[in-house]
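Listed features, source Swiss-Prot:
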ACT_SITE  Asp9  active site
BINDING   Asp9, Glu194  Mg(2+) binding site
BINDING   10-14, Arg22, His26, 54-56, Trp58, Arg60, Arg175, 181-183  substrate binding site
ACT_SITE  Asn57  active site, proton acceptor
Amino acid sequence: MQHVAIIMDGNGRWAERRGLRRSAGHRRGLQTAREIVAALCAIRVPFVTLYVFSTENWKRSAHEVHFLMNLIRWYLKKEMSFYVEHAIRVVHLGCAQTLPPDVRSQIEYVVERTRSHRGTTVALAINYGGKDEILRAVKKVLCSTSCPDGELLTEEAFGACLDAPQLPSVDFLIRTGGQQRMSNFLLWQSAYAEFYFTDILWPDFRVEDMLRALDEYRLRTRTFGGLE
């Protein structure tokens, strides 16, 4: 297994069920993210992608969006020592240009600071949407002089125009929170991904739950459209 992607769903509902503000769920969700990433690093999963903030999340209340942007900036700064300790290389997925300047600067700092790390690569999908990524990749292709004839375009050439072309295809996509949909996440990269859905809300998702999911993945047979 090369690449595990996670849709970390259920932070707000976790808080609301406890009579707390949604912000409390988002804070607790960050702690869960650290625990899960540390565990995946320990078992040497080479690539992990976390769905942090989608292009659709801008539709939430201005108050919640403002809180999330501040939380993301704070989290990236706080986790720098964690990334160094585990030799994690951080890459960003999503449109950085439309993020608040302070958030964008913090992302750029963490990406540059961890560029030489040789441990697990953690891709943070912030202001990310699968359709948006594909559209931006198409625009790159159209502006490229290396492929003037669309008929010559290959999957490999197109993949090189995605946000993080070094990421391999997703092997296993985990979604917490009870919903069973992709929510515009890694549409190109998940063509042959195995999916795992759980009702557990993200803040309650423990390392044991993740290991149980990985055990189920190992029992599956992937044929990639062929025969067993």
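Note: Cβ is positioned from N, Cα and C throughout, glycine not excepted.
Structure coloured by features recorded in Swiss-Prot.
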residue	record	Cβ neighbours (10 Å)
Gly10	substrate binding site	25
Gly12	substrate binding site	22
Trp14	substrate binding site	25
His26	substrate binding site	22
Thr55	substrate binding site	18
Asn57	active site, proton acceptor	16
Trp58	substrate binding site	12
Arg175	substrate binding site	23
Met182	substrate binding site	17
Glu194	Mg(2+) binding site	17
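Secondary structure at Gly10 (substrate binding site), taken from DSSP and collapsed to helix, strand or coil, is coil. Using Cα positions, the member of the recorded positions Asp9, Asn57, Glu194 nearest to His26 (substrate binding site) is identified as Asp9. A separation of roughly 26 Å, to the nearest angstrom, links the Cα atoms of Gly12 (substrate binding site) and Glu194 (Mg(2+) binding site). Taking only the Cα positions, the spacing between Thr55 (substrate binding site) and Asp9 (active site) is 15 angstrom. Counting every protein chain shown, the Cβ of Asp9 (active site) has 23 other Cβ atoms within 10 Å. In this structure, the CA atom of Asp9 (active site) is 16 Å away from the CA atom of Trp58 (substrate binding site).
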